[in-house]
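Enquirer: Starting off with a structure, shown below.
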There are 2 protein chains.
Amino acid sequence: MGTTKTDLFTAKQNEIAILAKAMGHPARVAIIEYLLKADKCICGDIVNELPLAQPTVSQHLKELKNAGIIKGNIEGNAICYCINEKTFHILKDYFTKTATVLKQQCC
Amino acid sequence: MGTTKTDLFTAKQNEIAILAKAMGHPARVAIIEYLLKADKCICGDIVNELPLAQPTVSQHLKELKNAGIIKGNIEGNAICYCINEKTFHILKDYFTKTATVLKQQCC
DNA sequence: AAACTTTATCGTAATATTGCAATATTAAGT
DNA sequence: ACTTAATATTGCAATATTACGATAAAGTTT
């Protein structure tokens, strides 16, 4: 096993799970945090900012990109990574919507 | 390796990562979804609702509980699981706050 | 083109996660 | 006490994740 049975769940459930999972690592949270406050979002800067080796950061960037949370634009021999607003809003909307339903709880 | 280097990141970054990670599985998203719409939130009902074996569901519930996203109250020989509003709002607030900063992006 | 910069990929070791059958635990009812 | 019902734990196999050194790929500069 070790494999998630995605076929047993709805597309929406899987979508949220994929996005949440991508945010489920402090390095990737740190990357998002950096992208938010940085004027320029160059990969090399992210590597310098994070306390992890370059291949590790590259891998984390790849996972965020695969989930659709960030996107990368080639700029010369560097790459400019940015947050994908559209995808990020899916997460925001999900938690906002979910939190508002949290009224009457039985326990 | 395989172990996350949590000590290299801030407490907040780790907190968000732990919560997001807990939501990073469709079964756990489905559990939260069920708890939101259910009048009663008994573990047995969740087991019946999900297309997974009882030990597997129990494990997912444990992970949500460890992350602090849900809490369980013993009711006779059954257990009533409920969403922990306080923790859930941490996630909501994080994504809300983050999404509002998403104005000027360079790419 | 050679040297340099920047980022990605490969390979690999250590650990974590997923899923379930079998079993244990705990409480309720008889 | 015995049985039933509900949930947790154990043990294990398969797979995924994390991390990084070494190396490759692609662009830039001289």
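Cβ coordinates come from backbone N, Cα and C, glycine included.
Note that the structure is a prediction, hence the values are computed from the model and not measured.
Pulled from TrEMBL, these are the listed features:
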- A:8-105: domain 'HTH arsR-type' (DOMAIN)
Enquirer: Pop the mean pLDDT for the domain 'HTH arsR-type' (A:8-105) in here, whole number is fine.
Expert: 93
Enquirer: Summarise the domain 'HTH arsR-type' (A:8-105) by DSSP state, stating how many residues are helix, strand and coil.
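Expert: Going through the domain 'HTH arsR-type' (A:8-105) residue by residue, I get 63 helix, 13 strand, 22 coil.
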